[in-house]
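Now, the feature entries from Swiss-Prot:
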- Arg17, Glu18, Leu19, Lys20, Lys117, Arg515, Cys516, Trp561, Glu605: 5-methyltetrahydropteroyltri-L-glutamate binding site (BINDING)
- Ile431, Gly432, Ser433, Glu484, Asp599: L-methionine binding site (BINDING)
- Ile431, Gly432, Ser433, Glu484, Asp599: L-homocysteine binding site (BINDING)
- His641, Cys643, Glu665, Cys726: Zn(2+) binding site (BINDING)
- His694: active site, proton donor (ACT_SITE)
Amino acid sequence: MTILTHTLGFPRVGLRRELKKAQESYWAGNSTREALLAVGRELRARHWEQQKQAGIDLLPVGDFAWYDHVLTTSLLLGNVPARHQNNDGSMDIDTLFRIGRGRAPTGEPAAAAEMTKWFNTNYHYIVPEFSKGQQFRLTWTQLLEEVDEALALGHKIKPVLLGPVTYLWLGKVKGEPFDRLTLLKDILPVYQHVLAELAKRGIEWVQIDEPALVLELPQAWLDAFKPAYDALAGQVKLLLTTYFEGVTPNLDTIIALPVQGLHVDLIHGKDDVAELHQRLPVDWLLSAGLINGRNVWRADLTEKYAQINALVGKRALWVASSCSLLHSPIDLSVETRLDTEVKSWFAFALQKCGELALLRDALNSGETAALEEWSAPIQARRHSRRVHNAAVEKRLAAITAQDSQRENPYEVRAEAQRARFKLPAWPTTTIGSFPQTTEIRGLRLDFKKGNLDANNYRTGIAEHIKQAIIEQERLGLDVLVHGEAERNDMVEYFGEHLDGFVFTQNGWVQSYGSRCVKPPVVIGDISRPAPITVEWAKYAQSLTDKPVKGMLTGPVTILCWSFPREDVTRETIAKQIALALRDEVADLEAAGIGIIQIDEPALREGLPLRRSDWDAYLEWGVEAFRINAAVAKDETQIHTHMCYCEFNDIMDSIAALDADVITIETSRSDMELLESFEAFDYPNEIGPGVYDIHSPNVPSVEWIEALLKKAAQRIPAQRLWVNPDCGLKTRGWPETRAALANMVKAAHNLRQAK
């Protein structure tokens, strides 16, 4: 039984973000549809060949997407919201873009479909919409066309399909309420049709992704798998594919299915390989997800070999990435600025393919010398001074319960803060960033490229901060911000100023659609060599008598939006960041900054996939925030900001943060999110966002007043703040001025109405 290699998917965007550039050029009307389609074909052909050359035996086909693979599945099933349908019922690539973006070069604009996080990753998918009595049909044949492409190129392939149960689980009901699981019988004929077409093409194996099987699913959903897979059995061999967690809790459901193989994530799950081997049907293939598809670290292949070698010869075995390599940058070899030592610790998508090939060869031959050679830098890293900082480790070990406690409870602090700031009722503020104009971005780029010296750069940034203060004073805001002109990204900026992080040149990963991010990498113990934000905050405060907020990104968000170390726990990393930023809070306070905002938009999205694991995560996540903030004196007001999310199931933890003020996104939910705070009897102050910054629309005074009155029905008015939903970085100045002017006017009207 020869062991083969495969990946669950490969990055789509291209090494130089070619797909992003082609998409945005097409959307802007600067290139043709044919040019866009040609870029897609070129990228697919290149990526298949690269994986093949790196040693992958079975190439994934169907992992490419023009926007998102869940959206591609929606089109495959003919699931197009009525507002996005073509008059003649046809579908084209613009149909797909209208669903994802709300507009495309052809067709009428309409509200984009909702977007949310793909399980617990930083990738976003387009949420399928379901309605009662909906019909499904195979119309969008992208998968079949790409299979034909790959076969014509002579590749040995494994088509990839998102499974029917997970697809329904990921969607939402629109209109009249009903159980979306009842649609399963209606989508299965489309899956049967697709599998029949693949069988006609001589396909042996199909990877069918059911990551919902790692969740704590309701029994009705678990029960749905057997009839679904009974309907799909018999045409091709099915590799039931799971990832992001282990399958052991749902293994009884899995082993009853008529499939021929199972893929398990042996990185993020706690499944025992020996137990899996014992419980799986003897004729099933086991695909072992041994190489981490979600991180950038070189694997210890000697360890992976030991983990799986006992199964060699006992059952059919493949070695694979834990999940799609979509979540990893493409190619380490093009990184020229990483020093040799650090570079030797990393492996990007192509290098991970090479790791799989090395592991396959060793398992097939029993020769492990190549594995030991590959793994040598990992042994060196374990003892590197770049990784370990004794002072940080000592400080972390010395944390006590007192370090996460403010001096006095909120009621006492609130009195001290009222006496210090003397703010009016309905105080107005913004979330932090102001428009990142072409001038600001150009200034940073020129400085980064060496075209501008430090003095001229600082002079330019100071001028933009000054203008931001002038604008806010002119508008009549009560609590100001410096505008963050010096920051490119809320995580990258802090990573650049903390020891323990490194940055890549081309380490791009897809976030959604054409948006790519370049996460920092945590390589070692984290510390703060010098103050980060103090100078600009102090300068901004010197320009006004009104309070200016200090602006920090919180420890959990920095952790969640970075590539973390694998040799320590996430809790350890978060608390190291918290200690570093605790010193920043103390320095801001010493510099006269009386209000400090610590943003934690990622607190909820970092939750483990299984509800039973939430408490442990929330305990250390909340503690990290409190360690960060608790150094502040009573009269220093601590704010936090959280992006749009459900709060009702984590309200205990939100309250436990003990922030003096929390600002949240609520305008899109018509203040419904405040129900959670009302029901919980949330004790501290709240700033419910009164307008959606993701839209260029300017809200009217009357509309904002109505929202605030609705908020005051749930939260006492004396504890309410007035602010936008989120930062204003992506907006232009004209709509920003107009919207903030109306927001301030609405607050003034409510004060006068008292």
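Glycine is no exception: its Cβ is also placed from the backbone N, Cα and C atoms.
For Ser433 (L-methionine binding site), the same-chain residues lying six or more positions away in sequence with a CB closer than 8 A to its CB are Val481, Gly483, Glu484, Arg487, Met490, Gly727, Leu728, Lys729. Here the candidates are the binding-site residues Arg17, Ile431, Cys516, Asp599, Glu605. The one whose C-alpha lies nearest to that of His641 (Zn(2+) binding site) is Asp599. Of Asp599, Cys643, Glu665, Cys726, all annotated as binding-site residues, the residue with the shortest Cα distance to Glu605 (5-methyltetrahydropteroyltri-L-glutamate binding site) is Cys643.
Per the record's binding annotation for 5-methyltetrahydropteroyltri-L-glutamate, residues Arg17, Glu18, Leu19, Lys20, Lys117, Arg515, Cys516, Trp561, Glu605 show a top Cα-Cα distance of 29 Å. Closest to Glu665 (Zn(2+) binding site) in space, going by CA atoms and restricting to the binding-site residues Arg17, Ile431, Cys516, Asp599, is Ile431. Mapped onto three states, the DSSP output places Leu19 (5-methyltetrahydropteroyltri-L-glutamate binding site) in helix. Taking Cys726 (Zn(2+) binding site) as the reference point, the binding-site residues whose C-alpha atoms are within 10 Å of its C-alpha, out of Arg17, Leu19, Lys117, Ile431, Cys516, are Ile431.
Counting other CB atoms no more than 10 Å from each candidate's CB, the binding-site residues Ile431, Cys643 peak at Ile431. Across the residues annotated as binding L-methionine (Ile431, Gly432, Ser433, Glu484, Asp599), the widest Cα-Cα separation comes to 14 Å.
For Arg17 (5-methyltetrahydropteroyltri-L-glutamate binding site), the same-chain residues lying six or more positions away in sequence with a CB closer than 8 A to its CB are Trp508, Cys516. Reported as a whole number, the C-alpha separation between Asp599 (L-methionine binding site) and Cys643 (Zn(2+) binding site) equals 9 Å.
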